[in-house]
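The annotation domain 'Amidase' is assigned in TrEMBL to A:10-414. As annotated by TrEMBL, active site, charge relay system applies to A:K28, A:S103. What TrEMBL records for A:S127 is active site, acyl-ester intermediate.
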Amino acid sequence: MSDDIFITEERIEGAEDGPLAGKTVAVKDNISTDGVRTTCGSRMLEDYVPPYDATVVSRLKAAGATIVGKANMDEFGMGTTTETSYFGETDNPAAPGHVPGGSSGGSAAAVAAGEADLALGSDTGGSVRCPAAFCGVVGIKPTYGLVSRYGLIAYGNSLEQIGPFGETVEDAAQLLDVIAGSDDRDATTRSEGDDSSYADAATGDVDGLSIGVPTELLEGADEGVVETFWEALGELEDRGAEYHEVSLPSVEHAVEAYYVIAMSEASSNLARFDGVRYGHSGGYDGNWNETFARAREEGFGDEVKRRILLGTYALSAGYHDKYYKKAQDARAWVKQDFDEALSEADVLASPTMPVPPFELGESLNDPLQLYLADANTVPVNLADLPAISVPAGETDGLPVGLQLVGPAFGEERLIRAASALA
Amino acid sequence: MTAQTAQQGDLVTVIGLEVHVQLETDTKIFCGCSTEPSDEPNDNVCPVCLGLPGALPVLNEGAVEAAVKIGKAIDADIPEETRFHRKNYYYPDLPKNFQITQYDEPICQDGTLEIAVEGERRTVAIERAHLEEDPGSLQHVGGGGGIDSAEYTLVDYNRAGTPLMEIVTAPDFRSPSEVRAFLAELEEVLEYLGVFDAERDGSLRIDANLSIIPEAEIDGDDTDEIGMDALEAANRTEVKNISSHKGAEKALAYEETRQKNAIQRGRAVEQETRHWDESRGITVSMRSKEEEKDYRYFEEADLPPLRVSGWKDEIAIPELPAARRERFQAEYGLSEEAASKLTSTKQVADFYEDVAGEFDPDLAATWVADNLLGELNYRDIEITEIEGRLEEIKRLVELVADDEITAKNARETVLRSMLDDGRMPDEVVKEDGLGKTGEDEVEQAVVEAIDENPDAVGDYENGDDGAINFLVGQVMQKTGGSADPGDVNQLLRRELEG
């Protein structure tokens, strides 16, 4: 079973004591581990062994955790199913024959299968929340700046955060406590998480909680998913929460804006993979320009190439204003919409994914359809906000996740609310 | 008549510069690696400056401080906050295949620098100056020796991440000599600010754009501004690989002649990039670029905008060369030429003020500007290299000021011996017997000379005035040449007639 969950199965022991002593953690394979290869699910980095630890890995070790392996993922985080991994697909332990979601599919599957107590993933447009929802576990996407990205191999660096998985909200929160907090090596981190006690917030107390439901995020969603979502909200209502509809008109443009920004950043972030210092080089002689091109042609998979090309296009002279700048404007608008909606509610709730997990192989040939499946998760990254996906129930035996979104650095509020469900 | 067919006499040279200056900080601009040059390649490197996957830049505020100093010195606008962009292009010396630089919010905008060209003051507009990271360096081995023709190429990332300031001027120069004067002044200012080390290899790199346009296209008014249309119309060449102000003058003089000759012969000047070959003294066409480069600039999200609104007031800069030159003339009564020499570097000016504070300013000027700098220049030594011996030089000036040694001996014997043999001034004076002889000693010698030479005394008394010269010679011999012959002459006459 574990063969397809990890790209590299290797134990890294942490300190003897600490808050995570005795806990096992799966680490997504785009998070650098000193001396243990870190592939990003790509042929490009098949043999790349980092000479340093990501800040979150140092913190895991200091907290006494045992890392059990580097988890499978969509290549460079680009996917919603973990099927774009060069190392093959990962089955969904909660729904065999189905995808585990992506891009952090291996991390979510490791927790769902009991291969690890906890896991780390990264979330650029839903890559923690989607697999959490599909595998029936809990996943948190922290506020941008709460967790250090030092050592996280970048895909869309203005959007992404490393986030924890656990079987329960409390488990995930405990891991968040360890990894959150400012880091001198990441200038975008903030101090809000320095003295956190997220695990203590997992009380399940939702009495008086006001939940806003953005109507736009239910439109077009699968019926069974919507039904499961309302049942979960009903459960929260029974415990003293109230809910009402709110509107996020801008989210209609969020998927387009997200992909333009993420691909533009990716085209630049992935430029360093030229085979000179590390990674696949092909060993070609001759003109350096052609050598770089051949190394990249061989090293990258189709989805990665598609996104690099589209991102390069969006940033090019003559198109920059039409795409990149317009996407930035849309991003500002999405932020503003969330601010307004969160002034009318404590948290916002929606299905995490508008659909249940796809069957393995089902969606590979329709990238656009897959991009649209991110409709509920990407707006949160555009707005830099925190969100959590918690199991809401099942539809036809397939897991459904409920997403709660809170104000910036409102992780405690999300953890308190979500812990009423898991 | 187009620029291409104009007569040479109607043509004007227009030059604009992009000057890359390495800022002298202890550590690199985005990581903690040392900026000290190393003999070992890839020695001062870490995940950040190697561009390893997952590494992130963190801004060295020391580099920003240096940039703000430059901004103050050139009287530039410094924005409320400054941010960084990515300039995307592939090149083997660029670890991330993008360069972190500044785009639409540079740290300095709209500055000026005043220069003197052949006694005439000119103000050069500086459009912008921005911070960026230096790439690594390439060493092409074997084959044709070029990046496309070598057998292989070695990459050294020691330089990668060294803070650079790119200073962009308006097309304000009309001659290569103006460019040289500007660069010399700029270098002086940067050294005064303590943000630049001229001795470091590659610390100054210049790209120059040169166009030849018809004189009629220069606006008729006093502003001397170029008609931008004419500038656009004229094909310009960008000359790269210039690394000193002297080199800039030579390279641009060559390029100016080359273009004027082409126009005179009715040949078109290609719009191209040319490489200055210092050893051959010519510019060479580089392989022309296939197309206009598109760097796809966009914001560097890994570096949050930095608020610098208060920095201009908080950061102090020293008195700059131009102001110091004027003060030296007013305060010490120096000529413009002497003041210029004495402010050529901050160390020289500081030493002059030190000496002038204790001794006569004119004497100090002669000693620092003429004697000391002259001898140092002859030996190709910088004043910074004898920093520890400046007190000894001062002692030498004191010996002259106190009349204990003649100026000639001080300059020609003591100073040279100090520089060549590392001796102390008092030691040279004593061991070489250069001390000016005391009056008592001279008088004693006069008495002795009269006693020992009765014949000469007799001749003098009998009216042979020439005999006095013999006696002067005797006294000089006794005093080892250190007495003043005129003084001796008078003393002898007084003694013989008294």
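Glycine too: its Cβ is placed from the backbone N, Cα and C atoms.
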Rounded to a whole number, how many Å is the Cα of A:K28 (active site, charge relay system) away from the Cα of A:S103 (active site, charge relay system)? 9
Inside 10 Å of the Cβ of the residue listed as 'active site, acyl-ester intermediate', count up the other Cβ atoms and send me the figure. 36
So if I measure Cβ to Cβ from A:S103 (active site, charge relay system) and keep only same-chain residues at least 6 apart in sequence, which ones fall under 8 Å? A:G41, A:M73, A:D74, A:G77, A:M78, A:G79, A:T80, A:T82, A:T84, A:G121, A:S122, A:T124, A:S127, A:P131
Applying a 10 Å Cβ distance cut-off over all chains shown, what neighbour count does A:K28 (active site, charge relay system) have? 33
Taking every residue in the domain 'Amidase' (A:10-414), what is their average pLDDT? 96
